[in-house]
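For reference, the structure is listed below as structure tokens.
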């Protein structure tokens, strides 16, 4: 959430930033709401002050046995109480109107984010590794998985409908191995603390990270009103909600391997075959909580941690910076890491690393107190996939496929596979 004081002082900056995102100007509307609220707050405060003063005057009048004045003052206090009963309710309503309006405004892109309308305007930063030249026509992961007998979409549809997968045998173990490998890398070498968070959260948590109120259609809700997490970013970031974090403990770095649940409401007709776009999928998430001065450097560090996963797996990838029109709602800047999929002959996103500034910190009311200062500041937050486990499975299958349809297991994963070096067709 953006600061209304900052908006009052920088209306043109806000409107220019919204234009970069392809959105209409909103500063005048927000400032008008704020002025209406502030004017009303002024009237309420004046009435409260007069009520308190009149109440004291009643005591003085009674002490002086000036009953006429006392009765007039009592009548005035009664009128003020009646006014305040309605006015304070109106104040809460006006404050909510402003808060609701602010909650739908996206974050301000950093100055170095490239301008653009959609993913075609994203800018490639680097490529690591060269795509393998196969001596045969490489297959897509679902062709490989079904032929091996370890990937079952038909039974998954029987159980749950479209966009689900049943993995069996060594493919199920390979997905588990990938998640464990990523967690071990981030916790033992990258300094992240592993967390096992709830998979269901309250409204406040999903609001804090920015999925609510604007993107509720992308989420699954339980019958008792909780939300299935679309990413572990939600519970990990909200660990510090409504807290003042010790400055000496920053940055806080958390990681988790969790199932994620998404409705894919806007994805009709896209990636309908295979595991690329699922309602339920495994993902390793990284979250950092930092001070204002450290967040830019932390973004580069987090992205490097995600890239290291693919380097260790020997998977070709490229890193791009998203343009203003393709960034997520809460991001100031986002790097996407795209892995090479030979079956599709293209790069596909496997990790997205974003710095959010104090956007989420303000929504969560999460603060820190800089050393030597009395006042607090909102924390800066960052999140990144480290990485999407299902997509990593796809990438390993397609990049390590053999002409006979078997899958070679990358060396980094073999210790997690009980020494197995190849996945072959089920007997």
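All positions are counted from 1 along the displayed chain.
For all residues, glycine too, the Cβ spot is worked out from N, Cα and C.
For the recorded site, residue 233 (L-serine binding site), the DSSP three-state label reads helix. Listed in sequence order, 209, 285, 287, 383 are the same-chain residues at least 6 apart in sequence whose CB falls under 8 Å from the CB of residue 233 (L-serine binding site). Residues or ranges marked as L-serine binding site by Swiss-Prot on the basis of sequence analysis: 231, 232, 233, 285, 385.
Non-local neighbourhood of residue 350 (ATP binding site): 310, 317, 337, 338, 339, 385, 387, 388, 391, 392, 395, each in the same chain, at least six residues away, with C-beta under 8 Å from its C-beta. Swiss-Prot lists 262, 263, 264, 349, 350, 351, 352 with the feature ATP binding site.
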Nearest recorded site to residue 231 (L-serine binding site) by CA-CA distance, among binding-site residues 262, 263, 264, 352: 262
Remaining residues near the recorded L-serine site, that is with C-beta within 8 Å of the centroid of the site residues 231, 232, 233, 285, 385: 234, 236, 256, 258, 260, 283, 284, 286, 287, 383, 384
Assigned element (helix, strand, coil) containing residue 263 (ATP binding site), judged by DSSP: coil
Extent of the ATP binding site in Å [max Cα distance among 262, 263, 264, 349, 350, 351, 352]: 19
